[in-house]
Every structure is written in C-alpha cells, then in structure tokens.
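Chemist: Swiss-Prot feature annotations, pasted as is:
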| type | residues | note |
| --- | --- | --- |
| BINDING | Arg190, Gly191, Gly192, Arg193, Thr310, Ser522, Arg583 | CoA binding site |
| BINDING | Gly386, Glu387, Pro388, Asp410, Thr411, Trp412, Trp413, Gln414, Thr415, Asp499, Arg514, Arg525 | ATP binding site |
| BINDING | Val536, His538, Val541 | Mg(2+) binding site |
| MOD_RES | Lys608 | N6-acetyllysine |
Amino acid sequence: MSEKVIDVQDAWRDRALIDEAKYKEMYEASVSDPETFWGEHGKRIDWSTPFSKVKNTSFAPGDVSIKWFEDGRTNVALNCIDRHLATRGDQTAIIWEGDDPNESKHITYRQLHAEVCRMANVLRNRGVGKGDRVTLYLPMIPEAAYAMLACARLGAIHAIVFGGFSPDSLASRIKGCGSKLVITADEGLRGGRKVPLKANVDEAIKRLDKDLVDHVIVVKRTGGNVAMEPGRDVYYHEAAEQVTDECPAEAVEAEHPLFILYTSGSTGQPKGVVHTTGGYLVYASMTHQYVFDYHDGEVYWCTADVGWVTGHSYIVYGPLANGATTLMFEGIPTYPSNSRFWEVIDKHKVNIFYTAPTAIRSLMGGGEGPVKKTSRQSLRVLGSVGEPINPEAWDWYYRVVGDSRCPIVDTWWQTETGGILITPLPGATRLKPGSATLPFFGVQPVMVDAEGKILDGACEGNLCIKDSWPGQMRTVYGDHERFEQTYFSTYKDLYFTGDGARRDADGYYWITGRVDDVINVSGHRMGTAEVESSLVAHPKVSEAAVVGYPHNVKGQGIYAYVTLNEGEEGTDELRKELVTWVRKDIGPIASPDLLQFAPGLPKTRSGKIMRRILRKIAEDDFGSLGDTSTLAEPAVVDDLIENRQNRQNRSA
C-alpha cells in the first residue's frame, strides 16, 4: 500500500505542549540520562516522603528486578483527588454517561473525595487494610472508580475482573489473588440488556473454598431482585449510610502494589500483572498529558472499560492525577443507534476521544450518515488503542469523524507496560496511517531477528524494549519465575513484547500483530494484519480477521473471515474478487486460501477479536473453543461454525 504522510497542521502545533524539536530534545535526554530525566518528571506527583533513588532496574537473566523511586512514599488517591481540592474542588472530575442516553451525571472533585472516603470506610469496617486484595466485578458506573480509588486510599490492592467474564473465570481470579472481599452490582446494563453480575459472583463463590470470601458488597444499579447471603452480602448504599465521608490516606512505598490485572497467557492460566504505585502513576499521568496534548479544562473521553488496563490508566488514574475531566461510558457504540458515540461527544463537548479500531471499523460499516448528522466541533484530538489500526479505518476516522482537522494518536502499548510506549504526539509528529510512529520518552525499542540479533535501520522483526520505564509491570503475582520466563528469556537482557513490527526508513514503527499471529505460508512469514488491511481496503468490506490453518502443501494456509458493509451480499463472485484483490495488493503468497463471509466476528466486550476461536474454527476443531463467556455476542460463534469453509471432507 502506498504510504501517505500527514504533516503536523499549524493549528495543532500552535497550541501543543511540545513541537518536533522539543520532542527530540526531551527524548534524547530521557534515554541518555534516565536518572536525571525521571528524577525531574517524578516530581509531577506529590510525595509524602520524597524519593532520593530514581532507577534501580535489571533485565539480567535470573536477576530481573524493576524498582523506580523506591525510597519515596506517596498515595495514589491523594494525587488523584485531594491535591486538586484547593484549586479545583468544584470542577467536574467524572462525567458519567449511562447506557440510557437520558441518564448522565457530573461528579466534582469534592464529591469524588467524599464518595471515595465513604467507600474506603465501608471497606475498612470490613477489615480491609494495606496489602489486602479486593476483587471488583462491576459495570461502568461511578462506583467502579470510587472502589479503585478507595482501595488505593487504604493501600489495598484492587483486582478488577471485567464484567463479561464467566463465573469460572471470576472464581479463578478471586482465588489467584486471595481476595476476601468482592465488590459487585446487582446487575449491569449494556446496550439495553441486563448482565447478571451478582448471580455470577454467587456462582463463582460456590466454586471456591468456603472460608475464602468473607464479604460481598453489592451496588444497586438496576434494583433487580438478587439473592443476598445474610452475614456475607450487604448493599453498598446501606453500608455507606453507617460511615463518614472523611478517611485519611495511607502513605505507601513507591513499590507497593496498586493493582493486579489478569491478562491471558499464550499458554495456561491468566497471568496476574502487578503494577505498583509511584512509577505507574508518574508514567500514566505523564503519557496522558503529552500523548493527548491535554490542556487544563478539556473534556477527555476514553471509551474503554475499567476491566481492561486502558480503563485503569486512561479513564481513572492518568486523567485524575492531571486534574482532568474524564468521561465514563456505560453503554456501547451502537445503542440506541450508530450515532451514539458522536451524540455523546456533542452532548458533553468532548475535546479528546480515545477508542479502539474495532469500534471504528464496525461504525464504518454503517456509512458516514450516522456521523455526519452530528457536529463533533468540540473534538481536537482522536486516539486509537487496542490493536493496529488499518490505514482505511485510520483514514475514515481522520476524514469522517475528525473532518480532517484532528490529529490521530495511534498508541501502542500493553497491559504489561502500564502506559503508552510508541505513539505520535499531536504537535510534534508527522502521521502515517497505520503506524504507531515513534517511542515515548524513556522508551528504547529494538528490533530483533529470530536468532536474537539486533537489527539496524529499516527492518522487520520482533519488537523488544531495551531498558525499563517507570510504568513497567514488576512481576506476575505470586510467580516471579513466570514473569522472567515470559518476558525476558527469549532475548537476553531485553523485554520481549510478543509483537512483531516493521521499522521504516524514518524510524517509524508499524506493529504487524502478535508474533503468534504470523502465518508461515510455504516458508514465507506474513503478519495477519497486512492481509486484513488489504481486505478492509475493498469498498464492500467492513471488517476482516485472518488466521492460519494447517495446509497439506503449504504448511499453513490463509483463512479469512470477512464482514461486509450493510446491504452487500456474500456471493461466490465476491469471494473470488476479494481473493484476486489481495493477490494484486500484496502478492500471490498472501491470497486467502479460504474465505468465509461472517455477519459478525467473535469479540470481547472491550472489542478485541478472539482470534483463538477463529483459529479453532479454521482448523475444524471447534469442540475445544474454551471460555466464550467474554464474547459480546456468543451467537456469532454458532454461525461461524455452521458456515465454516474447512470441513475435513472438503479439499483445502
């Protein structure tokens, strides 16, 4: 595909925090002398005991250890709430937009302080203190943020489990971190449908040792009739009436754990990613400010769920540490109509909008009409997160949503990294659709070949990071050996991201997908993202997912799942046309061997495509699909199985 370059517009540069020259100067300082750079920027948060040590990190085999600001003491809630009260107590901290468009509320910093203190006192009355783990299984309601910050206030460690996880998944995570207390809601609301959260908690607890969970706190969201276990369960509003709205914040060490967040391993049990207090907050707040070019008084909206790391870093901790107004959205982009995102932007005068490529692609399928009937004049910066954004979706987002006047920050990072690692900066970086562009301050990407040799210049290979940054995860909860094995054993002295990438002649990075999303066709390595981008460039295609499957001749064949735009029909003619299209675009080696038209793709409710399921169906092995409870629409799996193209009695 021809490479398009978008220059930094004067309007972006004129009001940006930094320009290209300043970025280069700061980046050079951050990698040549990280001690001085982070020693200075570590002061962006308040410390009850100032740090004297900045960086103490090692990626050495058998001795992986990551510590930042280790002799300092601070408290995250103090930094996200209390320090703002004198100057911005009456400013809105959180705008909550309900699933129902008629339901929304503004919570000021002063109100947030009172609510968080109340929640902290409710927890403290039930024995929660420093170092205790608390599991949160909540919908996107303000109480989710209150609970996170209440745990932080007490020095307790929160472990959020996304509301789409099944009782089995929830049970394994409660057990994994040893939570004695669970906070949930009677029911969640998403797209007009109810989600039985409390019932799922009850089911999960039945699978655990009887004496593990002592308390379940239930937030009343729908008022639905739910079973309450006497002595164990309590409604939050009743417990909150018994406590005051003042609660001192516990100063904790910089390396005290703030949260555990489980992420899927490529094998076996999910990993409990541990993030700590000081370095994480410095990095989350700094990336939020510079990546989104956040200015005081702006309204910022990240559409993620707090069940995922994006919600932790860029709905709650980063924005609130910066005294921002952050929007929390309970609903989905298509309810009650495809205009919902854009209507919310107009309603709350959103300036910065951060969403996932999968949401953009699904809305693209409905055409420009639902976007163009709204104004979106308040928008200034657009962001993308979660997976590489294909150039066609990037272009639609830029042109249709942003009216070609808003920069797009295509951010690359991971649960493990705590914050954004590779990204454009609005006033400093020329944009290339589909490229995450350049590293953030302190981040040193290196490209490595399969043998572990570091590659120079323009190249393609495995993406690693050479040195630590403050937001980096510290360990896998209860299993440091697994941490070393997963991230540091593949390439000596490097953090291996698990992603492949291409670096172009300008030093820009293009993420090509997980290394396990690489297909080896007749000895040729190919990132699935490239084939997907080609398919989505076809005018009739809304979305595509590509996986490998065993092929008698080639080793692996290419299996493409394609969702068409509204009104298009999946004919044999179109199937042939799409195969020819890819062949012409990338070359014969990239031609899909099998192509299945799919009304929908299996996605988690955060919008990630579940490629594991697609691989199994492509392999005609759908008896072992694993846990599909996190899917937004489990029914799509049945359709995919019914119409699979690789039944064993068919020729490949």
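Cβ coordinates come from backbone N, Cα and C, glycine included.
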Chemist: Would you say which of the binding-site residues Gly191, Gly386, Pro388 has the most Cβ atoms within 10 Å of its own Cβ?
Modeler: Pro388
Chemist: Would you list the other residues of this chain near Mg(2+) - those whose C-beta lies within 8 angstroms of the C-beta centroid of Val536, His538, Val541 - in sequence order?
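Modeler: The surrounding set, listed in chain order, is Glu392, Ser534, Leu535, Ala537, Pro539, Lys540, Ser542, Glu543, Ala544, Val562, Leu578, Trp581.
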Chemist: Can you tell me how far the Cα of Thr415 (ATP binding site) sits from the Cα of Val541 (Mg(2+) binding site), in Å?
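Modeler: So the alpha carbons of Thr415 (ATP binding site) and Val541 (Mg(2+) binding site) sit roughly 30 Å from each other.
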Chemist: Using only C-alpha positions, which one of Gly192, Val536, Val541, Lys608 is spatially nearest Arg514 (ATP binding site)? These are the recorded positions in the record.
Modeler: Lys608
Chemist: Out of Arg190, Arg193, Arg514, His538, Arg583, which of the binding-site residues has the smallest number of neighbouring Cβ atoms within 10 Å?
Modeler: Arg193
Chemist: Between the Cα atoms of Arg583 (CoA binding site) and Val536 (Mg(2+) binding site), find the distance and write it as a whole number of Å.
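Modeler: Cα-Cα distance, Arg583 (CoA binding site) to Val536 (Mg(2+) binding site): 14 Å.
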Chemist: Using Cβ atoms only, which residues of the same chain lie under 8 Å from Lys608 (N6-acetyllysine) while being at least 6 residues apart in sequence?
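Modeler: Lys608 (N6-acetyllysine) has long-range Cβ partners Ala356, Thr358, Gly386, Glu387.
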Chemist: Between Gly191 (CoA binding site) and Val541 (Mg(2+) binding site), find the distance joining the two CA atoms and give it rounded to the nearest Å.
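Modeler: If we compare the Cα positions of Gly191 (CoA binding site) and Val541 (Mg(2+) binding site), the gap is 25 Å.
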Chemist: Tell me the Cβ contacts of Thr411 (ATP binding site) under 8 Å, same chain only and six or more apart in sequence, or just say none.
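Modeler: Set apart from Thr411 (ATP binding site) by at least 6 residues yet with Cβ under 8 Å, we have Val291, Tyr354, Gly383, Ser384, Val385, Ile420, Ile422, Thr423, Ala436.
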Chemist: Tell me which residues of the chain lie with their Cβ under 8 angstroms from that of Thr310 (CoA binding site), as long as they are six or more apart in sequence?
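Modeler: Looking at Cβ-Cβ distances below 8 Å from Thr310 (CoA binding site), excluding near sequence neighbours, one finds Cys302, Ala304, Tyr354, Val385, Gly386, Ser606.
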Chemist: What's the most sparsely packed of the binding-site residues Gly192, Trp413, Thr415, Val536, Val541, counting other C-beta atoms within 10 A?
Modeler: Gly192
